[in-house]
């Protein structure tokens, strides 16, 4: 009995030590959270000191590009609108190739293998763009990295439109992909680091909405230029308009305040915070205090050698808190990509042609898939923080499976003799699959942008972004070969559907909840041992199952949605 108690005590001590080790000098962060909860005087002292420094420096920066609103919340919406336009560019450039696919191969004399490389060139380039994410974010900041990505978008689109051979079109697609990869990993972090926690998940989800909107616009552009000579050139070059608008819009936006503190530019961070969040609201003052304490404690830990100062990447292997975030975020991304969504998006017009539509009809019918994805993102934008991350992950994956089953079954009927059955089943499955994926896709940007510690966030997003586009490249490049090897039903139902089924089991057990938490509180969540999270999730599953079986639907859905957004993770100092 004594030995058992001793082992139990040792386990508790080991877990405490693990938390302290994983978070380095996070005692300062814990204390900052407690000060914020109890309204300590330290918060006002910090704000007063920053105001004094601001007065000595001559006040807030003035100038043509220094936009300021009477109500800081209006600045938040401006910031999110322009930053998230990167999602629109990304989605637009992903779907434009679908319409161009009907004409480009014949005009340039491409083989089937060469056309696969053209389609997969952008996700391949995006892997390279993701690898640029860390150095670009560390040396140029979040804002600078976004501007660089826009320049790459512009160069790539211009070269695409003017391509005269296979080498030129592939090169332009890779350059375009560099912009997609760099921007895709930067914008969600930029938004997550600048907006208030209660709407963070909703506004990061807006990025996915813009991706879906861009994909719909891409299909619409394909339809507009369908009967124009040289149509695919106009289709691929149309994104130049949006990249130009976004470039000028980004010039008016500030740098991320968390990044500025990370760079030891505390006064600049305070200036930005005052412009975009204000200091009149108590919650905003508390969040600035906690953010400052958290980032400073991380930087001190690095400086004192508690972490791998020269090789920050190593913390993903040596620090349990960072490792948990890396494993979870990247498995979640893989589960989405390996269900084939990007292959379906890129080959949408070709797939429509395979089930009986002519080229013109195929282009128009592509709007069905893109429109379903767009509509599917809307609930997540408004309800991400209300229902939480686990709800969206666990309820969306079964929708993938059902949609893929219908798509797979549709291939079992003869297009020549049962055309209506084939098209009915296929389109129904496509609508269900894309609709459910719209909400899940929001998580692939929300979760990676919030789970990594500040000093590793750009490195973490590099791995997540690179993995996302690497999986997209693999799925897209091998789509035709896999379809020929497995059969259309085997690929849709067996492979893609099987991934969705496995993913559901993983999310049920291993996905922690991070809704309504500051980025600093999420540090605490991922400092807990994985088995603690699994036990907590399993207890929640049993309770939810019991409530559903006994007819208490109100407690499962309504009460969860009414959770007080001010609820925060409690930190024990025992």
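Keep in mind that glycine also has a Cβ here, set from the backbone N, Cα and C atoms.
Checked against Swiss-Prot, the domain name for residue 107 differs from that for residue 198, so they face opposite sides of the membrane. Here Swiss-Prot gives transmembrane segment for one range in the set 307-327, 391-411, 517-537: that range is 391-411.
From the options 280-300, 427-447, the stretch Swiss-Prot describes as transmembrane segment is 427-447. Matching 38-58, 206-226 against Swiss-Prot, the residues noted as transmembrane segment span 206-226. Checked against Swiss-Prot, the range among 174-194, 258-278 recorded as transmembrane segment is 174-194. For the transmembrane segment (234-254), the partner stretch with the highest count of Cβ pairs under 8 angstroms, out of 144-164, 174-194, 364-384, 391-411, 427-447, is 144-164.
Outside the topological domain 'Extracellular' (98-115) by six or more residues, the chain places 163-166, 169-170, 218-219, 221-223, 225-226, 231-232, 235-236, 345-350, 353, 359, 362-363, 366, 480 with a CB less than 8 A from a CB of the stretch. Helix, strand and coil content of the topological domain 'Cytoplasmic' (385-390), in residues and according to DSSP, is 5 helix, 0 strand, 1 coil. Relative to the transmembrane segment (427-447), the listed stretch 391-411 leads the set 174-194, 206-226, 391-411, 491-511 in CB pairs under 8 A. With Cβ pairs under 8 Å as the measure, the transmembrane segment (391-411) is packed most heavily against 491-511, out of 174-194, 364-384, 491-511.
Under DSSP, the residues of the topological domain 'Extracellular' (165-173) split into helix, strand and coil as follows: 8 helix, 0 strand, 1 coil.
Recorded stretches compared: 77-97, 144-164, 491-511; the one with the most Cβ pairs under 8 Å to the transmembrane segment (206-226) is 77-97.
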